[in-house]
Amino acid sequence: RQDAPGAAEGLALASDPGGALNFLAMVENLQGDSGRGYYLEMLIGTPPQALNILVDTGSSNFAVAGVPDPDVTSYFNPELSSTYRSQGVEVTVKYSQGSWTGVLGTDVITMPKGLDGSYTINIATILESENFFLPGVKWHGILGLAYDALAKPSSSVETFFDSLVRQAEIPNIFSLQMCGAGLPVSGSGTNGGSLVLGGVEPSLYTGDIWYTPIKEEWYYQVEILKLEVGGQNLELDCREYNADKAIVDSGTTLLRLPEKVFSAVVQAIARTSLIQEFSSGFWTGSQLACWDRTEKPWSLFPKLSIYLRDENSSRSFRISILPQLYIQPILVIGDNLQCYRFGISSSTNALVIGATVMEGFYVIFDRAQRRVGFAVSPCAEADGAPVSEIEGPFTTADVASNCVSSVSFHEPALWIASYALMSLCGVILLVLTVLLLVPPRCQHRYTDNDVVNDESSLVRHRWK
């Protein structure tokens, strides 16, 4: 647990009028909502072209629309920038839903509400995409803030934030606040938010910051010890919560749970809620639930708590979200009905702490000390009452010393597997060449491990 050191550092840097770090200038530099993502305005090239860029802690490439697209209102034209330099390298990033292909280059960027100065950054200009830009979104590119292990086509591509740390000489830490609690996930307006580059801004949180170690530097992978619904432990093996990884990802809309965990959570919520009959389509995301606009259904549902291992491994702390964060208003029907969606979904390959949970907290990505911090966000309120909580410390005597499976698809493992497959491919080619005297080509197909984000990432609406 830490409060004073982080707060003091943030306050000192925020009051430094001459440096690149002015945290107060970065407060409310984001717009958006959990349904369509939170984005930052950025000026790219010379003369500058203004674009809105989606903030995504679950991928590592900085990419912008490079040609007109029916679903984007603006795009970056490299030919109009005197400082753009193409690297001539094609890059493809494939997500569980959606993909894009572009060309790597470099150009200068400035951030009207970010760091002072301009910086030379690797930029992928997107030339082709499929289900990446979505109708109604107000962003024109993506800012991947995860580690270089996820960068495409290889980890040798310096990430946006690594470039800032090197060129601006800022601390290797950023923090994120998204202010959409209790508000429509795709409303007509936009909510606020803050991306603080280089440190922690004290005005964006209350109470203490609680830190959990980063288990692996690719995604922001953390260790989850247990879940509670309405104060009742789900009593699952803690490895189920981390199958095959647990990550913090601002580019994922929902709280996503491994299938076994999701089933247990739904059963527990249905059991403890005050609603006896509930359509299964609501839980799976295919149906909305509607109440009279004068009613607030949140009192019908329980609190959800996630326990994370503390930096002191014998302790844990819990972050809790009230129903105002996971029973999410979507749309109004007629004059009287307000309809809601379930902000939790199942996942085949990860537990993802997405916007559903992150909107309750100020989240600190402390890369320098390899940890992720959580503090209560003052904007996480509905009807004047807080909708998130942090409590601790608790003992970890009742859980395993390591809840992260030893079998995990990390990036180095992908390299080893790739080399093994290439060797096998070479042997097969040699045999076929001898037998058929025709040298066939070995084609690469996308596997699950090429995917750099989760299914609801890129603010996919998973409801009808």
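Start at 1 and count along the chain as shown; that gives each residue its number.
Positions of Cβ are set from backbone N, Cα and C atoms, glycine also.
TrEMBL lists 38-375 with the feature domain 'Peptidase A1'. Annotation source TrEMBL lists active site at ASP56, ASP249. The annotation disulfide bond is assigned in TrEMBL to CYS179-CYS379, CYS238-CYS403, CYS290-CYS339. Taken from TrEMBL, the feature N-linked glycosylation site applies to ASN312. Here TrEMBL flags 413-438 as transmembrane segment.
Closest to CYS238 (disulfide bond) in space, going by CA atoms and restricting to the recorded positions ASP56, CYS339, CYS379, is ASP56. Comparing the disulfide-bonded residues CYS179, CYS290 by how many other C-beta atoms lie within 10 angstroms of each C-beta, the top residue is CYS179. Neighbour counts were taken as the number of other C-beta atoms within 10 angstroms of each residue's C-beta; across the disulfide-bonded residues CYS238, CYS339, the minimum falls on CYS339. For CYS379 (disulfide bond), other Cβ atoms within 10 Å of its Cβ number 18.
The average pLDDT for the domain 'Peptidase A1' (38-375) in the predicted structure is 93. Considering only the recorded positions ASP56, ASN312, CYS379, the residue whose Cα is spatially closest to the Cα of CYS403 (disulfide bond) is ASN312. Closest to ASP249 (active site) in space, going by CA atoms and restricting to the recorded positions ASP56, CYS290, CYS339, is ASP56.
Spacing of CYS290 (disulfide bond) relative to the residue listed as 'N-linked glycosylation site' is 44 Å (Cα to Cα, whole number). Within the same chain, the residues at least 6 positions away from ASN312 (N-linked glycosylation site) whose Cβ sits under 8 Å from its Cβ are PRO393, listed in sequence order. Each residue contributes its Cα atom, and for ASP56 (active site) and CYS179 (disulfide bond) these two points are 16 Å apart. In the structure as shown, the Cβ atom of ASP56 (active site) sits within 10 Å of 27 other Cβ atoms. In the structure as shown, the Cβ atom of ASP249 (active site) sits within 10 Å of 25 other Cβ atoms.
On the backbone, the CA of CYS339 (disulfide bond) and the CA of CYS179 (disulfide bond) stand 20 Å apart.
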